[in-house]
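Asks: Below is the structure I would like to discuss, written out as structure tokens.
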Amino acid sequence: MAIFILPAGLLVCTLLIAPMLMMARISLNHYDAMSLMVEALTAENYLRAVADPYYQRVLATTLGVAVGCTLVTVLLAFPAAYWLARMESKWKSAVTILTMFPLLVGNVVRSAGWIALLGNEGLVNAALQGVGLSDHSIQLLYTPGAVIVGIVGVVLPYMVLTLSAVIEGIPRQAEEAAANLGARPLTVFRRVILPLATPGVVAGSVLVFILCMNAYATPVLLGGPQFQMMAPAVYDQFSRVSNWPFGASLAFILLAVTILMTVVGSSILGRKLRA
Amino acid sequence: MTATRLAFRGAVVFTYLLMLVPVVMVMLISLFNEEIVSFPPSGFTLHWYANAWARSEFATGFAISVQVALMATVIGVPLGTAAALSLARSSIPAKGAIGTLLLGPLAVPGVVAGTALYLFYLKIENGLDQDVVGTMPGLVGAHILLTIPWTVRVVTASLQGLDRVVEEAAANLGARPWTVFRRVTLPMLRPGIVAACMFSFIQSFENLELTLLLVGPGKTTLPVAMLNYLEFRMDPTLAAVATIQILIVAALMVVTDRFVKLSRVV
């Protein structure tokens, strides 16, 4: 039976590990506009990415959006996750599937929905003008706000599902005991549910943060040309500029920052919530 | 008390609206009369579905996405199932590390994996003197990578809930190992495998990041075709294409849910 692991294992090694090692090597090569890539062993691409104010700003934007979206997502997902976890009716499995559904529909489709909602002729603007709150269309699409709303919408199902799985494991008696001893609903939440749900908050936040850091379709479609995040910037180096060494180093910087932030963030979050 | 409860209800409704409204919106717009989307529409029509089918990038994109997703599922799910069995049943060294490796394609961001795979394919092209980027095998290879972690996860979960006594009974009654596997283990794993097929197909069908650099002229998958179109405009034709994707996903979920309670899988 041990041999059954080989095909899948080899496939992942060939199509994921080997390419990443190769890309790591390419990130140390030299680029010049004439011959494109020159074999070398230099850190110049990483240094350029770190020193260039443009890419500093792109990375800062990406980090800001990712941290902001993760926080908003935790706040928004908690009530829904609690509601889903404590639901007892026959509709529970239907609601769970309904939560999973947008997740499986894909980012491009959901971005299309947001364009229809937030565009100058979109539903939100039409509604605002219809009720007389505004006499001209407000620029909603192609703003940082649109990107944040779009990304939050994309990652919410992950957070709701992760949190509700953990909340389901918290015995109801713990809440009832606190309530019987005179705790108000908000106190029960803060002192009982939140500390016990910490593993879910941490796991969900890590997952969501990674997705936000690497978001591609949403910033491209809802952010407009001025708004730059890391994932589109990485692709640009390959599809438009053909600067492979620099593109490769950008990809690894994105990966490294993501890993660093998840490790640091989850340890801080875990300690804060448990205390 | 009531204020808290009201705020709680409001928050739940708001969250579900954020998740579902964009999807509903797309489906609604695909029926609008006018080509330039404005609210409210003057009427409703199914005309845009024919229009979408007439556009070659969507028709071929759809065909390619279906083919790639089917092939990736047909190859990836058996590989993943075999790996899950092996992880659960045999005493191989470094199980934890191998398990992590197999879930790797889920953990490595699509941007990083996609660009790495693109460079790797170009390297192979140089060595083989044959195209890999923009070909079917290139796309299928990338998408198998997506199907393996899902299959390993889902099948491992259903192996954990499996009672080994039944297999032992069959073996005691004289069934050979292969017969035990075919007649006992496999049927008991069926719900897990069905769910793995669904997740694999959908993951492949809707994938964008891993695919973006690997498509070629005339070999574009549906999500990439939609992205390229959406960068210029959003109209009922695009909404019709998106709605078809939504309906396929919904249908697959409903069918799968008959075999296995999806709410228990994730």
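Backbone N, Cα and C define each Cβ position, glycine as well.
Feature table excerpt (TrEMBL):
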- B:12-32: transmembrane segment (TRANSMEM)
- B:62-88: transmembrane segment (TRANSMEM)
- B:62-256: domain 'ABC transmembrane type-1' (DOMAIN)
- B:100-121: transmembrane segment (TRANSMEM)
- B:133-152: transmembrane segment (TRANSMEM)
- B:192-216: transmembrane segment (TRANSMEM)
- B:236-255: transmembrane segment (TRANSMEM)
Asks: Answer yes if the transmembrane segment (B:133-152) and the transmembrane segment (B:236-255) have at least three CB pairs under 8 Å among residue pairs 6 or more apart in sequence, and no otherwise.
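Replies: When sequence-distant Cβ pairs are counted, the transmembrane segment (B:236-255) does not touch the transmembrane segment (B:133-152), since fewer than 3 lie under 8 Å.
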Asks: Under an 8 Å Cβ to Cβ limit, what residues of the same chain, 6 or more beyond the ends of the transmembrane segment (B:236-255), are close to it?
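Replies: Residues 23, 26-27, 29-32, 34-35, 37, 48-49, 51-52, 55, 58, 62, 198, 201-202, 205-206, 222, 225-226, 229-230, 262.
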Asks: Same chain, outside the transmembrane segment (B:100-121) by at least 6, Cβ under 8 Å from its Cβ: which residues?
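Replies: Same-chain contacts beyond the flanks: 80, 83, 87, 132-133, 138, 142, 145-146, 148-150, 152-153, 207-214.
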